[in-house]
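Report on the following structure.
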Amino acid sequence: MAQVAMSTLPVEDEESSESRMVVTFLMSALESMCKELAKSKAEVACIAVYETDVFVVGTERGRAFVNTRKDFQKDFVKYCVEEEEKAAEMHKMKSTTQANRMSVDAVEIETLRKTVEDYFCFCYGKALGKSTVVPVPYEKMLRDQSAVVVQGLPEGVAFKHPENYDLATLKWILENKAGISFIIKRPFLEPKKHVGGRVMVTDADRSILSPGGSCGPIKVKTEPTEDSGISLEMAAVTVKEESEDPDYYQYNIQAGPSETDDVDEKQPLSKPLQGSHHSSEGNEGTEMEVPAEDSTQHVPSETSEDPEVEVTIEDDDYSPPSKRPKANELPQPPVPEPANAGKRKVREFNFEKWNARITDLRKQVEELFERKYAQAIKAKGPVTIPYPLFQSHVEDLYVEGLPEGIPFRRPSTYGIPRLERILLAKERIRFVIKKHELLNSTREDLQLDKPASGVKEEWYARITKLRKMVDQLFCKKFAEALGSTEAKAVPYQKFEAHPNDLYVEGLPENIPFRSPSWYGIPRLEKIIQVGNRIKFVIKRPELLTHSTTEVTQPRTNTPVKEDWNVRITKLRKQVEEIFNLKFAQALGLTEAVKVPYPVFESNPEFLYVEGLPEGIPFRSPTWFGIPRLERIVRGSNKIKFVVKKPELVISYLPPGMASKINTKALQSPKRPRSPGSNSKVPEIEVTVEGPNNNNPQTSAVRTPTQTNGSNVPFKPRGREFSFEAWNAKITDLKQKVENLFNEKCGEALGLKQAVKVPFALFESFPEDFYVEGLPEGVPFRRPSTFGIPRLEKILRNKAKIKFIIKKPEMFETAIKESTSSKSPPRKINSSPNVNTTASGVEDLNIIQVTIPDDDNERLSKVEKARQLREQVNDLFSRKFGEAIGMGFPVKVPYRKITINPGCVVVDGMPPGVSFKAPSYLEISSMRRILDSAEFIKFTVIRPFPGLVINNQLVDQSESEGPVIQESAEPSQLEVPATEEIKETDGSSQIKQEPDPTW
């Protein structure tokens with residue numbers, strides 16, 4: 001522990017014990033870091049002062065040095081006291097010079113008041129069930145305070161018009177705006193009396209019953225804007241006497257000045273994100289950010305390369321359907337259009353006006369940034385700002401003077417409020433460049449950094465063509481070096497591993513030899529220009545003997561490639577045979593014995609497996625995908641089963657085998673207590689979720705009701721998994737979700753009866769047919785492809801689900817075609833089973849067509865999607881393995897790459913497709929990724945804890961924890977049938993579905 005000395009600092013207020021514990025804990029963590037630095041032969045000395053305590057932390061030599069120099073400690077304490085006094089004096093000086101800054105503060109306070117007012121209007125609109133801002137009737141709310149309740153205001157702040165708040169209160173409200181919500185309890189009293197002398201005419205009456213049944217139909221009027229004479233409009237209001245759901249009125253709006261940390265620190269990963277598109281990162285309540293490429297996985301990151309489209313909240317009605325916020329709309333029943341609907345449109349913003357405004361502001365900010373950047377590098381004329389470099393080198397390249405809460409990014413990612421605030425602070429903005437060499441070394445690659453959105457497709461087509469040309473050139477030159485006239489695939493890894501024996505001559509200056517996917521357009525063009533000079537030099541041809549086949553296999557996307565299903569089935573069977581043989585050897589038997597996997601999971605202290613590849617837990621082979629199965633097969637020689645208590649597994653062996661086991665012989669050797677302790681290769685211990693290691697219920701383990709336990713996880717508390725109960729539950733949920741989808745589809749067509757959803761049409765035309773209101777992280781697919789958690793999420797969110805059908809004629813044609821093509825078999829099926837099916841759906845009045853091969857067709861599509869996910873995961877694993885210097889595929893830590901932006905960069909992805917786990921990709925996106933497989937490349941910019949590079953763990957102290965978390969990533973938890981999940985109720989345990997925030 002750090003050494004603590006007592007100083008003579010004056011103490012006015014004693015710190016609470018909790019704060020002191022926090023400081024002590026952090027100091028111990030600092031000391032642990034110093035120990036790790038000492039292992040690298042680095043010396044550290046640190047002095048920390050907290051109230052009356054002086055902490056001396058560092059390595060052994062560092063602490064010894066500081067302890068011998070007491071004058072250092074005294075000087076540091078004295079310096080801290082003086083700085084506190086200076087800070088107090090500065091505070092006084094600021095208060096005295098407040099009058100001199102009134103002009104600056106007037107602009108700032110006006111902006112903050114407008115922001116708070118807009119945010120109050122936004123919250124009030126949500127309470128009324130509208131997706132647009134609604135003016136807040138402040139006078140009525142203050143006069144009748146029990147009608148509308150405002151929750152979440154900071155302690156000590158009363159609700160009133162923002163004009164009555166001072167600067168500090170406005171900032172305080174914006175910092176705590178995440179919890180602010182309006183709750184409408186009842187209509188305002190005396191609705192016919194209005195302040196201001198105007199006589200208002202109301203719209204057509206509309207009402208809605210409370211979902212909780214707490215009160216009857218009510219009418220709530222909204223205040224008009226001050227500058228318009230539009231009549232008041234009635235809004236459908238959902239009234240709740242008490243908030244039954246704490247998240248009902250919460251809309252996940254981030255607060256605080258920090259842009260990169262708030263999302264991860266303040267938003268729990270396990271909580272479903274409602275209205276995540278309204279996440280505001282700074283102190284602006286009126287703007288929201290919508291990802292430009294994909295909305296299925298929303299992890300905001302300021303260092304992300306992909307720009308976000310940020311619009312103000314009033315512009316929701318102008319956003320395209322794919323980028324319109326879907327999870328924030330409260331349910332509203334269809335109501336007749338009011339008579340004055342035409343007048344109401346006057347209150348909405350004009351898109352052309354908004355577009356012209358934001359385009360002009362972005363252009364001004366872009367010119368401002370370029371001018372300031374040119375001043376920093378002392379350049380004349382137009383310059384291009386390397387935005388990715390500023391994001392990846394935040395310590396050496398950054399911008400000062402930006403308004404609080406606004407990060408430095410491309411102007412195209414800002415909304416109108418932030419652009420205006422940046423222009424107000426333009427005099428204070430300054431570019432700081434500490435290392436000019438960072439700009440010079442990559443200047444030629446940065447010419448591609450600023451493509452206009454309109455030319456992105458053209459750029460992608462161009463770079464794809466150039467990379468293919470360079471790849472063909474390299475293959476041709478490589479074949480010439482081998483004395484062949486037919487082009488051969490180049491083993492780039494071998495050339496990187498043996499630079500002295502395998503290298504290339506004639507490349508342009510400062511361009512190393514790598515795979516074409518590493519090059520940008522300028523370098524590719526230079527290589528093509530000197531193509532005649534390029535020559536492959538092979539001094540040791542024997543190094544290439546085993547590489548050609550290895551390299552050509554992943555590069556071929558032809559029908560010669562082995563079928564995925566055959567491949568994974570073969571690998572699983574092979575691993576199953578390895579496990580059975582190793583288990584028999586551990587029991588002293590010569591014949592292979594089937595492994596009772598549930599017994600191993602429930603007794604990890606007495607039954608475990610050593611020698612498994614790093615990061616792979618022991619499970620049934622049916623749980624693994626192709627990358628893990630291949631790693632297990634490669635490392636099969638190291639695998640060893642340890643059976644400390646043979647009596648636990650005897651009841652699961654065939655009758656003839658149990659008598660051959662010598663229990664004493666198995667128990668006599670002294671085996672290590674922990675798996676992997678005697679392994680020569682450092683293994684990371686991975687604990688399988690669920691088992692209770694303290695009280696293993698061995699009595700339940702011995703029960704003879706053991707089926708094919710390879711697929712069924714064993715309950716740690718001794719209760720067995722009931723397949724019948726699980727199957728009944730998931731079948732019922734799937735039927736309910738399917739009925740829900742059919743009902744919503746009928747509503748979208750204006751019908752009172754349900755209509756069977758043509759899922760193929762929704763998959764083929766996602767722009768014309770899509771679904772809004774699904775839970776965060778749940779894509780629209782057939783209910784048969786979901787597991788229990790997602791099915792339950794969909795049913796909980798059923799009120800918000802809405803089908804959007806833009807082309808009803810195409811929809812009706814598809815329904816007619818499917819009905820006409822599948823109706824003849826229906827006449828043949830006149831068995832009692834058909835009658836049962838019809839009676840089961842009679843109450844719902846569903847238009848249903850009985851299809852004999854519907855299940856086969858559905859399963860084939862599910863299997864096809866699984867194959868695509870497996871192939872994409874295999875591709876990512878192989879590319880990631882290449883990036884970290886491994887010669888084999890390595891599981892991609894998707895979650896770590898997401899929460900550590902800038903550490904790993906993925907290049908070569910198709911336009912409009914962002915990098916994420918395959919389970920979150922659409923089928924069309926996965927196909928495009930496989931088509932661009934040659935150009936996808938992982939680049940490790942800076943390692944994160946737990947990353948293995950060239951067989952060396954980056955941070956041994958942190959490796960164990962992350963690996964345990966990574967074992968549950970969606971890309972590696974393969975489920976044989978669908979995305980089945982782990983359900984934790986009293987009697988069953990099913991594999992868990994990946995968290996949507998991963």
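The backbone N, Cα and C atoms fix where each Cβ goes, glycine too.
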Exercise for review: Can you dig through Swiss-Prot and tell me which residue of S19, S95, S547 is labelled phosphoserine?
Suggested key: S19
Check your understanding: To which residue among K78, K435, K798 does Swiss-Prot attach the annotation SUMO2 cross-link?
Key -> K435
Point to revise | In Swiss-Prot, the member of K221, K822 to which SUMO2 cross-link is assigned | key: K221
Check your understanding: Which residue among K74, K92, K160, K736 does Swiss-Prot mark as SUMO2 cross-link?
Key -> K92
Exercise for review: Report which of S214, S659, S959 appears in Swiss-Prot with the annotation phosphoserine.
Suggested key: S214
Point to revise | Record feature SUMO2 cross-link (Swiss-Prot), assigned residue among K323, K680 | key: K680
Review point. Swiss-Prot annotation SUMO2 cross-link: which of K35, K638, K896 has it?
Key: K35
Check your understanding: Taking only the recorded sites K35, K92, K185, K353, K435, which one has a CA atom nearest to the CA atom of K864 (SUMO2 cross-link)?
Key -> K353
Review point. Closest of the recorded sites to K130 (SUMO2 cross-link), Cα to Cα, picking from K35, K92, K435, K861?
Key: K861
**Study point:** Two-stretch contact, the repeat 'GTF2I-like 3' (457-551) and the repeat 'GTF2I-like 2' (352-446), at least three Cβ pairs under 8 Å
**Key:** yes
Review point. What residues, ordered by sequence, lie under 8 A Cβ-to-Cβ from K35 (SUMO2 cross-link) and sit at least six positions away in the same chain?
Key: T59
Point to revise | Highest-contact recorded stretch vs the repeat 'GTF2I-like 4' (562-656), from 103-197, 352-446, 724-818, 859-953, CB pairs under 8 Å | key: 859-953
**Study point:** Sparsest-packed among the recorded sites, when each Cβ's other Cβ atoms within 10 Å are tallied, from K92, K435, K861
**Key:** K92
**Study point:** Pairwise CA distance, K92 (SUMO2 cross-link) versus K185 (SUMO2 cross-link), rounded so that it is a whole Å
**Key:** 46
Practice item. Name the one residue among K353, K435, K861 whose Cα is closest in three-dimensional space to that of K185 (SUMO2 cross-link); these are the recorded sites. Key: K353
**Study point:** C-alpha spacing of K353 (SUMO2 cross-link) relative to K435 (SUMO2 cross-link), in angstrom
**Key:** 42
